[in-house]
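Peer 1: So that we are looking at the same thing, I have put the structure below in structure tokens.
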Amino acid sequence: MKDIRIAIDGPASSGKSTVAKIIAKNLGYTYLDTGAMYRSATYLALQNGLTEENVPEILDQLSQYPISFGKAADGSPKVYVGDVDITHPIRDNQVTNNVSWVAAIPEVRQELVSQQQRIAQEGGIIMDGRDIGTVVLPDAELKIFMIASVDERAERRYKENIEKGIPADLETLKKEIAERDYKDSHREVSPLRPAEDAITFDTTGVSIDGVVEFIQEKAKKIIDKG
């Protein structure tokens, strides 16, 4: 039995992170939240009043305050910049609405991608994002591209925000998600698209358990072959 690398890509709020975390726990794999890394870079930029005109300064912040992952007492993942816990602040709407321009900076992507590739070398890892199967882990043994309707994704984000006590308006979320889709799929650097050998899975109307089961079955076939 071998440890494989699983890449899950897809648009915002398609359920990638939720599914990836469950599968990582079930398989005993490491979950590397790439979206959280870009959110962390965005958080650092916003905290320091930086824009796309300040690329060297953003890279300097990433060097001074490296991004790392840990676990809370209940096993849930935590995200740090330096020694500061930013697990919750990086889910703020201001960060969400600015992450696209930070993620589109080639030098920022290059720095974070090299960190991700180093971590994934040993296998036994699951990563989700926008370009894992195409750029970060083009040789991953299993690649999944998850899609879902804008309405369903807005509903998911709305429920998540309400549960976390974050104010939310459903129509605003629909508009923001549609705009994010356009930005992510039209950016010059690593646009959102499925890898040629990815399995595209429309999760509209499919339960989280159903999605997890589908991906785990695919993973186990590959693991058993090894």
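Placement of Cβ uses the backbone N, Cα and C atoms for every residue, glycine included.
Okay, so Swiss-Prot annotates it like this:
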BINDING   Gly10, Pro11, Ala12, Ser13, Ser14, Gly15, Lys16, Ser17, Thr18  ATP binding site
Peer 1: My understanding is the cutoff is Cβ-Cβ under 8 Å with a sequence separation of 6 or more in the same chain; which residues meet that for Thr18 (ATP binding site)?
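Peer 2: Long-range Cβ contacts: Ile208.
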Peer 1: Quick check: which same-chain residues outside Gly10, Pro11, Ala12, Ser13, Ser14, Gly15, Lys16, Ser17, Thr18 lie with their CB within 8 A of the centre of the ATP site CB atoms?
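Peer 2: Other same-chain residues near the ATP site: Asp128, Met146, Ala148, Arg153, Arg156.
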Peer 1: What count of other C-beta atoms do you get within 10 angstroms of the C-beta of Lys16 (ATP binding site), across all chains shown?
Peer 2: 26
Peer 1: Near Gly10 (ATP binding site), how many other Cβ atoms are within 10 Å of its Cβ?
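Peer 2: I get 25 for this one.
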Peer 1: Test of understanding: give the count of other CB atoms lying within 10 angstroms of the CB of Ser14 (ATP binding site).
Peer 2: 26
Peer 1: Under 8 Å Cβ to Cβ from Ala12 (ATP binding site), same chain, six or more residues apart: give me those in sequence order, or none if nothing qualifies.
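Peer 2: For Ala12 (ATP binding site), the qualifying residues are Arg153, Arg157, Ile177, Arg180, Asp181, Asp184.
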